[in-house]
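Comments concern the structure below.
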Amino acid sequence: MKFTKMHGIGNDYVYVNCFEEELAMDPGRLAELVSDRHCGIGSDGLILIKPSAVADFCMDMYNSDGSRGAMCGNGIRCVAKYVYDHGMTNMTTIRIETLSGIKTIDLTVKDGKVRLANVDMGMPVLLSQGVNRELTPEVRKEIADSEIWEVLDVQDKEMSMIHISMGNPHAVFFVDDVDNIEIEKIGPAIETHPRFPDRTNVEFVQIVDESHVKMRVWERGAGETMACGTGACAVAVACRLAGYSQDKVDVRLLGGTLTIFWNPDNGHVEMCGPATEVFTGEFNV
Ligand SMILES: N[C@@H](CCC[C@H](N)C(=O)O)C(=O)O
C-alpha cells in the first residue's frame, strides 16, 4: 500500500490516497498497524483521502487505537495540502467532507506549494452540564457564567472544565503551569471518565495573555500528541467564554502554534496553520 506521511505541527498521520489505493483490511485495524512506532510507520493515526459525492474530497480519519474520529483539524490542513500539491485540484478554496460536516479550506500557495491553510471549522457546541447548545453569536452574547462550567470529580479531586464540541468532544481545564501536568496519569482518567460514555479529548491550558495561550492535549484514542487542531479551537472558545482572551488567539502547542479566530459575526471558528509532507513509501499489508 502506497502512503504519505504528513504532519500538522507534529500531529502526524499516515495518509492514503484512496483514489489510487484499495485497502486490504478494515481501516481501524490498519490504523493500529501503521501507527505503531516500533513495528509500523509510526503516527497518531490513519487518514484516508477519498472521493466525495457532496464536496471536492472526503477525509476519513482513524486514531492510533483504531477508533474513528469525526473530525481532525491538523489532518484536514494536510489533506488540503496533499490534494493541491499532488495536482488533484488547482483550486485554492477546497471543500472537504468529514463525519462532522463539510469544511471549507482557503490555501496560501507559494512557489506552487501550499504553505498555510485557513479552515472554517464551523460553529462550536457547548456540551457542559449535558446540554448540546450551538454557540451562535446571540447565544454567545447572553450565556451566563453558571452555564459554561461543569465540575468533574477526577481521582477524588473536583476539577472545573468547559466541555466543547468542535465536531468531536473536548474537556478544557485551566491550569497555572501546563509543563507540570502529569498528563499520562490524569489524561486517561478524564478520557475514560464515566461522565463521557464515548470518551473525550482532554486539554490543559495556561493563559499567557489575552492573545496567547499554551496548551497540552491528551487525545481520545491516541494519548498525548504534539498538537490537536480541533482541541486548539475548543481551547480558544473556552478561553473567550471564560473571559480570558480576545476573539483571536495564538495557541501554542508542543509542536507549534495555531492561530484561532472565533468570528463574532457568524459564530464560526477559523483555524490557521501549516501542513508538512515528510516522506512517501510502501507499507506491506
Ligand atoms: N488530532 C486531531 C483530532 C483527532 C480525533 C480525536 N482524537 C477524536 O477521537 O476525537 C485534530 O487535530 O483535531
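Cβ coordinates are placed from backbone N, Cα and C, and glycine is handled just like the others.
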Same-site substrate binder from Asn118, Asn168, Asn263, Asn266, given that TrEMBL records Asn11, Asn63, Gly73, Asn74, Asn201, Glu219, Arg220, Gly229, Thr230:
Asn168
For substrate, what surrounds Asn11, Asn63, Gly73, Asn74, Asn168, Asn201, Glu219, Arg220, Gly229, Thr230 with a Cβ no more than 8 Å from their Cβ centroid?
Gly69, Met71, Cys72, Gly75, Val217, Ala222, Thr225, Cys228, Gly231
For the binding-site residues Asn11, Asn168, which one has its C-beta crowded by the most other C-beta atoms within 10 angstroms?
Asn11
Could you give the Cα-Cα distance between Gly73 (substrate binding site) and Cys228 (active site, proton acceptor), in whole Å?
7
